[in-house]
Structures are given as C-alpha cells and as structure tokens.
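First up is the structure itself, then whatever we jot down about it.
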Ligand SMILES: Nc1ncnc2c1ncn2[C@@H]1O[C@H](COP(=O)(O)OP(=O)(O)OP(=O)(O)O)[C@@H](O)[C@H]1O
C-alpha cells in the first residue's frame, strides 16, 4: 500500500528535504515542494527530478508536482550620476561585493544600457543568460553574485543606439528577471538626467538612490540635477558619494586633488542629503576594476572606502536611514 513514507524514501535526499506535502490520491500522487532560494532552472530541475523519482515507484501512474517559493520582499537601489565617467559602475560593483560579504543576498542590474561595464567589473563577460518561460535567468559574477547586463545580451564591442521606448523595454526584461532569493538589487543607471533615466526610475521605482560625483564644479552641478530627478520621481536619495577624491602619488606619496576637494560633501549639505563618504583616486582601484577583481572583495586598503559606504547602505536597508 502506497503511503507518504514509502514515496518520500524513493526521492533523492535533496528533493526529500524540500517536501512540504505528499498525498496519495486514487488517480495520482501530488507533491508540493519548497523551491525557496532556487532560481528558475533549479526549480525546473527539482520538479523534473521529483516527478521522475515518484513515477518510478511501483503503483504510481502519475505524479503531479507543484514547486512553491516564499515571496521575496525585494528592494531595488539605484546608483546614479549626473555626469558620465565619475565612477558609478565601479561603485555599484564594489557595493555589491561588500554587501555580499556582509551577508546580504545582493544582485546587480546593469541598467547602463549604453555603456554596460558590469560584466567586466564583476567578471562575467563570457556568460550568456538563459530564459526559462520567457524570464531571464541572471548569470553569476564575482562571489556568485546574480547579475544581468545588456552586455550579456549583445555581441561584445557592439554599440547600442536605441531610442527611449526600446531601451526601457530591454531594461524591463533585466529588472523583471528571475532574481531567486536576491532581496537587494543594485541598479547601475545610465549617466545623466534625461528622459530615458526618468522613465526608468519612474517605471521601476527603486526604493532608494545613491548619487555619485567627482568633486569638480561641473560634476557637482550635474549631481544636484540627479538629485532633482530622483525627487521628481519620488525616490528617496540615500546619500551622495564623492569619487576620485585625492590622489596619492605612488612615487613620492604626496596627495593632490586633481578634481578639487570636499565639493560633494558641501553640495550634500546644501541639498540636505546625507554624505556617505569619499573614495580616493588610486591606481589600485582602476587596475582591479579592469581585471574584474573588485577591491571590496578583500580586506586591502583599496576596498576599505567602498566597504564603509556599503555599511551605511546596509544600515539604511535595515532601518530606513544611513547611520
Ligand atoms: N576611485 C577611482 N580610482 C581610480 N580609477 C577609478 C576610480 N573610480 C573609477 N575609476 C575608473 O574610471 C573609469 C570610469 O569609471 P566607471 O566606469 O565606474 O564610471 P561611470 O560613471 O560608471 O561611467 P559611465 O559614464 O560609462 O557609466 C574606469 O576606468 C574606472 O576604473
């Protein structure tokens, strides 16, 4: 006589551990499995494995499997800048790595569709995302961080020259991918404050935003504009980050300020927004970024500034404000 114990013992251990219920009905066996933490492929494999094992049991003509997963309360955090080339992508990659090291389930959407650099920064250039039932499955970057970028979907070196609606459509696919149990998704926005950015922010409504700027006056004007963009869209600004602040000469050790100093902190004060910290301009950061080894992945000096900013983001995520 078939019963739950017999059926469960026919399942491989990893599948048996996920059984929520197993019922023997006259026409079929029905199993409900817990798919929490698995991505689309993992859930499909779980379902197929259970079905095959149960239908191999004598007396079972059909096994119906349902894989359920706990709803993940997912938050998107946008990293934006008013101006290009100020280090938005570098900050995003390092914040992701630092948050991961702090125990967060973090993912990265490279929404910088015109210049996607996350595949290089997080060493996933060769990966190609698959789609399961038309939903993209993120690839894995450094430290297993789930991530998606247009850079994964287009041929390397190919420029993307899309108009707003097409760009927004492509980005939706990245945002609405199967993020599994990742509950914090960092979104590397395209630089600037045009229509594309505003549409993206309004459509995908991040829970908070970080603005990056270098300390020079021109960048600061644009950073203030980025603040207005988020305000218009009703997205709270978590704080401002100053990048490329102070350069220590690798030969003589003298510190100079090619882009000025302290400007971002001043503008944060003026806009009444938190200042999250300063990242120095160093060869180590540039070299590590090009190699796909984000400095925040280890305890070296180059990563410390990123880790300190990630700690504030982590506090904001826990309490709703930066420490
Ligand atoms: N603190 C830093 N020290 C040294 N180099 C840096 C630093 N921050 C960024 N860089 C370098 O500056 C360049 C631009 O950085 P990044 O791509 O992160 O900027 P971005 O704002 O995302 O640019 P884009 O406009 O392309 O989106 C990269 O080569 C990066 O390695």
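Every residue gets a Cβ built from N, Cα and C, even glycine.
What TrEMBL says about a protein is an automatic prediction, not a curated fact.
These numbers come from a predicted model, not from an experiment.
Noted in TrEMBL for the protein shown:
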- 82, 83, 84, 85, 86, 87, 88, 89: ATP binding site (BINDING)
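All features noted in TrEMBL, drawn onto the structure.
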| residue | record | Cβ neighbours (10 Å) |
| --- | --- | --- |
| 82 | ATP binding site | 25 |
| 83 | ATP binding site | 21 |
| 84 | ATP binding site | 14 |
| 85 | ATP binding site | 12 |
| 86 | ATP binding site | 26 |
| 87 | ATP binding site | 22 |
| 88 | ATP binding site | 28 |
| 89 | ATP binding site | 27 |
Cβ-centroid neighbourhood (8 Å) of the ATP site, 82, 83, 84, 85, 86, 87, 88, 89 excluded: 81, 191, 212, 213, 214, 219, 243
Contacting binding-site residues, sequence order - 83, 85, 87, 88 vs ligand 1, Cβ under 6 Å: 85, 87, 88
